[in-house]
Amino acid sequence: MTHKSGFIAIIGRPNAGKSTLLNALLGTKVAISSNKPNTTRNNIAGILTEPDTQFVFLDTPGIHKPQQQLGRVLNKNAYNAMDDADAVAWIIDVTQNFGPGDEFVLDRIRNLHKPVILLVNKVDLVPKEKLLRKLLDWQEKFEFSDIVPVSAKDGENLGELKEVFRKYLPEGPSLYPEEMISDHDLAFQLCEIVREKILWRTHEEIPHSVAVVLEKSEERGRKLILSFVIIVDRNSQKGILIGKGGDMIRSIRLAAQTEIKNRLNRPVDLELYVRVEPNWRNKEAKIKEFGIDLQNE
Ligand SMILES: Nc1nc2c(ncn2[C@@H]2O[C@H](COP(=O)(O)OP(=O)(O)OP(=O)(O)O)[C@@H](O)[C@H]2O)c(=O)[nH]1
């Protein structure tokens, strides 16, 4: 069989399941996932290398109407990924009704002139008849190159999905080394692990107000000491993150420490510091400093 390789941008509204899908396709944890909207902030390229195909996935932040500077950066990154890709995979949550957010995405893909594949996700949550009706509704909205029902969570239909993706990739050799699964460095991945633990434990505005930076990494005897700074918008958020008697921050630290220890396969101690940086999400320099990609228009 001919060898193919290329880029697939995964777009969709917040919470549709992009990160879960990427992790399921790659069989490893590259993008972080949580039940809070807008978990993903960078275009994480997950790479799947198979004997006859190399798929490079651009995971994008959920497209939504921007409200703040950070929202605008997130959207811009998503559009850049769409422009760079050979095909676009639009993932929707089948349990959600078609809304203004979808209209917003449709407007964007109408002028794209490249294959757009609709992934109808979370099929494990709806009965067959409802799924059929949904598929028909979506077919009328746009001339999709393919429509593929999937369950990212259960891994259902992912084999077929890969076949569909392969159709739209150009012939060519692999673009990245076979063993590479992500173009993000280790420090970024470790920060994402810490951020994920925060997202699972907090709610309301905190998940959107948090950035994590690895400040120091130091060998102490057999142990690796990693110091992270967690940046929040306001003093009150700092209080919540630290928690009563330090309970919250301890829980975050222990959960992240366990995962990082397994990832690095060695003894690790985590130190977490919480810093208040008022209104950082509206400051471009700060967004950059905290490791969120700012791409050129
Ligand atoms: N039942 C079910 N739940 C799913 C499925 N896919 C994702 N989820 C859940 O939906 C939620 C959102 O999934 P994510 O993968 O974080 O969504 P995302 O689109 O990456 O979200 P953002 O990064 O915020 O844009 C999580 O709680 C997932 O466990 C699925 O196929 N079935």
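Yeah, the Cβs are placed from backbone N, Cα and C, and that goes for glycine too.
Sequence annotations record features per position, and here TrEMBL assigns GTP binding site to 12-19, 59-63, 121-124. According to DSSP, LYS18 (GTP binding site) is assigned to a helical segment. Cβ-based neighbour count (10 Å, all protein chains) for LYS18 (GTP binding site) stands at 29.
Across the residues of the domain 'Era-type G' (4-171), the predicted structure has a mean pLDDT of 82. TrEMBL lists 4-171 with the feature domain 'Era-type G'.
The domain 'KH type-2' feature in TrEMBL is assigned to 194-278.
What TrEMBL lists as region 'G1' is 12-19.
For 38-42, the entry in TrEMBL reads region 'G2'.
Look at TrEMBL and you will find 59-62 tagged as region 'G3'.
The region 'G4' annotation in TrEMBL covers 121-124. Residues 16-17, 21, 91-95, 131, 149-154, 156-157 of the same chain lie 6 or more positions beyond the ends of the region 'G4' (121-124) yet place their CB under 8 Å from a CB of it.
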TODO: Go through the binding-site residues ASN15, LYS18, VAL123 and pull out the ones with a Cβ less than 6 angstroms from some atom of ligand 1.
DONE: ASN15, LYS18
- [ ] Can you tell which of GLY12, ASN15, VAL123 has the least company, meaning the fewest other C-beta atoms within 10 angstroms of its C-beta, among these binding-site residues?
- [x] ASN15
